[in-house]
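These notes are about the structure you will find just below.
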Amino acid sequence: MPSEMESNNAEYVTLGGEGSTPKLEKMSKVSIMPLMFLIFYEVSGGPFGVEDTVRAAGPLLALLGFLLFPFIWSVPEALLTAEMGTMFPENGGYVVWVSSALGPNWGFQLGWMKWLSGVIDNALYPVLFLDYLKSAIPALGGGFPRIIAVIVLVLALTYMNYRGLTIVGWAAILLGIFSLLPFMVMGVIAIPRIKPTRWIMVDLKKVNWGLYLNTLFWNLNYWDSISTLAGEVDNPGKTLPKALLYAVMLVVLGYFLPLLIGTGAMPVNRELWYDGYFSEVARVIGGVWLRSWVQAASALSNMGMFMAEMSSDSFQLLGMAERGMVPEFFAKRSRYGTPLVGILFSASGVVLLSWLSFQEIVAAENFLYCFGMLMEFVAFVKLRRKLPYAERPYKVPVGKTGAILMCVLPTLLIFVVLALASFKVFIVSFSAVIIGLVLRPCLKYMEQRRWLRFSVNPDLPDIRAT
């Protein structure tokens, strides 16, 4: 960093005391392939969950949505993440960007909303996994057996996160291949059945725009989540932008091609396109064996998304602790280099929120996520203006005006998503924002009274933009 980023007059306290943190230089860093699949699972995990776009708008708009929407939302967010993540290659990611541009208070508020949004999102995956199993094991449909199954599942996946990002990353690769392979097989088998005229079917008078846009948004966001792992990446200045580029292509193809196959090979009946309909498409095209493969891929995809999201959430807390925003114990690492307390904290939140319905989870996380992204766009533009000469190993090839224009369409989309939220979702999300506004001064009071220990990692540079 240049001198304006390095100057620091703050009095730092070494984190955790002597010997509390493993020698990080001995820990394995995440390389480009595992990182690409971690991003894939942060954002997508496969085409499971895109069926509602066909039900809401028909084949043509569903296909166009997954071709055009990435240029409106995914590409700008990925570019922003690549620039900011390489400018601040440390755990904490977007919290650090916003703290630098808008101050630590707004950085904390962003961290609270993004962490809560991530935990809410993660509560969805064990529930969906058990929903796929309950047809074979009816006892998992509810009651005490389901509660026990959720806890056991969360504990098993939490342990994998505890063992390190290398294991999580390579598990993501294997799960990603397993999740996408049945759709490649389906595409080959479906060729004789495909009728291209089905792809252009549309009835603009019967489009459910709310469901359509929310489904697209939910399936194509969270590109910034990988930034909270930037401190664990091998050569982040080069690895992070490349991994984001490859992940964008993988995600778009992973959505578009299965939709192309499904809508082209099946008679169009929009009312049938609910979550899980791809398993029926697989049965019609290939038989029971292919349906079973797609169901297994969908179930295991949920596990990949869970592990990727938990890694992001827990390392975000570690990064915030290293900046003195949350108590020091969140910065404690296990002997595998993983944030032990952050993992346990995030896992507890998942268990507590696993009773929410699918619709409530998606709506609440989208609302909180939108608030956070508005701050990230402001931070991106402000840092371009305030620190034009700061080191950026990757820089989006646009000037100050271009940086503003790049954020215009995504910002308009955010306001559309917020406007479509129900009153119940608004109240729940607004309450979460209020909790964050109260939590910050409460933590500062605890710090002043020495009830909890807060400290700042002295190896981190000054991030003040002013």
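Glycine too: its Cβ is placed from the backbone N, Cα and C atoms.
Listed features, source TrEMBL:
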type	residues	note
TRANSMEM	30-50	transmembrane segment
TRANSMEM	56-75	transmembrane segment
TRANSMEM	143-162	transmembrane segment
TRANSMEM	168-191	transmembrane segment
TRANSMEM	244-268	transmembrane segment
TRANSMEM	336-355	transmembrane segment
TRANSMEM	361-381	transmembrane segment
TRANSMEM	402-420	transmembrane segment
TRANSMEM	426-443	transmembrane segment
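Recorded stretches compared: 244-268, 361-381, 402-420; the one with the most Cβ pairs under 8 Å to the transmembrane segment (56-75) is 244-268. Counting only same-chain residues 6+ beyond the ends of the transmembrane segment (402-420), those with a CB under 8 A from a CB of the stretch are 72-73, 76-77, 79-80, 209-210, 213-214, 217, 366-367, 370, 373-374, 377, 380-381, 384, 396.
Below 8 angstroms of C-beta separation, residues 126-127, 129-130, 168, 171, 303, 306-307, 310-311, 314, 334, 336, 338, 340, 343-344, 347, 350-351, 354 of the same chain, each at least six residues beyond the ends of the transmembrane segment (143-162), sit close to that stretch.
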